[in-house]
Amino acid sequence: MTNIRKTHPLAKIINNSFIDLPTPPNISAWWNFGSLLGICLILQILTGLFLAMHYTSDTTTAFSSVTHICRDVNYGWIIRYMHANGASMFFICLYMHVGRGLYYGSYTFTETWNIGIILLFTIMATAFMGYVLPWGQMSFWGATVITNLLSAIPYIGTDLVQWIWGGFSVDKATLTRFFAFHFILPFVASALAAVHLLFLHETGSNNPSGIPSDSDKIPFHPYYTIKDILGALLLILILMLLVLFSPDLLGDPDNYIPANPLSTPPHIKPEWYFLFAYAILRSIPNKLGGVLALMLSILILAIIPLLHTSKQRGMMFRPISQCLFWLLVADLLTLTWIGGQPVEHPYITIGQLASILYFMILLVLMPITSIIENNILKW
């Protein structure tokens, strides 16, 4: 009798995706982040669901309801901090996952890569709207500053911003709709993740060498299930260390002050995972130019497959490209640091140089370096 795992319509899909899936035998720990992102998404949906049971999306009670969750709800504090720090873990895994794709040339699976970019935008939008919900000072002013950027769009800008606000400023209508979107978008992300996986399984996984591995595959279970469990345990360990020992390490103290439209905080800044993009936005003195640079800093990923000039897929055997890649990582860390600093000398200049370097590496230096490496190898 055939195994039900291989015949049942639903079990068959799970079997072909997570059990009998033919996988390259040499994929490293950098391939763990896909499953870790899935775990992060499930964790965020579950903790978010329990938070939504006690949260009220009204300007007069939102801040109090979050305080109530932390003080009065059974284990509300741990749910709240797992959700807040879970978002940080989510973005750490996201950036590692995208970095892996860039390093090993996984972007040559264009459908998977493009769905991934849409997923990235979806999760960024979700995180931004979630940051507004506690209705602290940084929530309110962050929402005001970021939504105001849309007013840079010629002709329709102002009307568009007021349409998103649901009034003439960030107020009750804005908070209610942000809560609605913050609740629905993770489910959209789940559907997109399924499509992401569907396209990946059409081609099979890439591997560190970049060489096709069709002739040499191993089943996903037990080899990679056990490896993913180890990754998941490490993820949960780091998350719980954060939650239980320093839950506010990555947050902003200003968000413990209730939102006050009459008092602007001295330094308005987003959560740490958006600081690199915020630094790029601030480094351009023109409003529209800044908004375009902000969008392009992520959208640039979409044209990476078109800029692939190397005859090798990954960077495993391309030392000059490797140096450029790590320079890009250092540049992004510099931008993250600059995004959290006040707008004054020397931070302005450093931010502008780091922003120029970011686009230079991706658009100019990497394609040229790949051509040079091809010539060195006489390919």
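Keep in mind that glycine also has a Cβ here, set from the backbone N, Cα and C atoms.
Per Swiss-Prot, the feature heme b b562 binding site maps to HIS83, HIS182. Every protein chain considered, the tally of other Cβ atoms within 10 Å of the Cβ of HIS182 (heme b b562 binding site) stands at 21. Following the DSSP three-state reduction, the secondary structure of HIS182 (heme b b562 binding site) is helix.
Counting Cβ atoms from all protein chains shown, HIS97 (heme b b566 binding site) has 20 others lying within 10 Å of its own Cβ. Feature annotation from Swiss-Prot assigns heme b b566 binding site to HIS97, HIS196.
Secondary structure at HIS201 (ubiquinone binding site), taken from DSSP and collapsed to helix, strand or coil, is helix. The number of other Cβ atoms within 10 Å of the Cβ belonging to HIS201 (ubiquinone binding site), over all protein chains shown, comes to 14. Residues annotated as ubiquinone binding site in Swiss-Prot, with similarity to another entry given as evidence: HIS201.
Positions annotated as transmembrane segment by Swiss-Prot: 33-53 (among others).
Residues 30, 33-34, 36-37, 40-41, 43-44, 47-48, 50-51, 66, 69-71, 116, 120, 123, 127, 130, 235, 238-239, 242-244, 247, 250-251, 271-273, 301 of the same chain sit 6 or more residues outside the transmembrane segment (77-98) yet have a Cβ under 8 Å from a Cβ within it. Under the heading transmembrane segment, Swiss-Prot lists 77-98 (among others), citing similarity to another entry as support.
The annotation transmembrane segment is assigned in Swiss-Prot to 113-133 (among others) on the grounds of similarity to another entry.
Per Swiss-Prot, transmembrane segment is recorded for 178-198 (among others), and the stated evidence type is similarity to another entry.
Annotation source Swiss-Prot lists transmembrane segment at 226-246 (among others).
Summarising the annotation, Swiss-Prot assigns transmembrane segment to 288-308 (among others) and lists similarity to another entry as the type of evidence. A Cβ distance under 8 Å defines the sequence-distant neighbours of the transmembrane segment (288-308), meaning residues of its chain 6+ beyond its ends; these are 98, 102, 105, 107-108, 110, 113-114, 117, 120-121, 124, 149-150, 152-154, 276-278, 280-282, 355, 358-359, 362-363, 366-367, 370.
Beyond its flanks by at least six residues, the transmembrane segment (320-340) meets 99, 102-103, 269-270, 272, 274-280, 282-283, 310, 347, 350-351, 354-355, 357-358, 361-362, 365-366, 369-370, 372-373 of its own chain at Cβ-Cβ distances under 8 Å. For 320-340 (among others), the entry in Swiss-Prot reads transmembrane segment, with the evidence type similarity to another entry.
Taken from Swiss-Prot, the feature transmembrane segment applies to 347-367 (among others), supported by similarity to another entry.
Beyond the transmembrane segment (33-53), the same-chain residues lying 6 or more positions past its ends with a Cβ under 8 Å from any Cβ of the stretch are 69, 79-80, 82-83, 86-87, 89-90, 93-94, 96-97, 100, 182-183, 186-187, 189-190, 193, 228, 231-232, 235. A straight line from the CA of HIS201 (ubiquinone binding site) to the CA of HIS97 (heme b b566 binding site) spans 17 Å. Between the C-alpha atoms of HIS83 (heme b b562 binding site) and HIS97 (heme b b566 binding site), the distance comes to 20 Å. With a 10 A radius on its CB, HIS83 (heme b b562 binding site) counts 21 other CB atoms from all the protein chains. With respect to their backbone Cα atoms, HIS97 (heme b b566 binding site) and HIS182 (heme b b562 binding site) stand 23 Å from each other. A distance of 21 Å separates the Cα atom of HIS196 (heme b b566 binding site) from that of HIS182 (heme b b562 binding site). For the recorded site, HIS83 (heme b b562 binding site), the DSSP three-state label reads helix.
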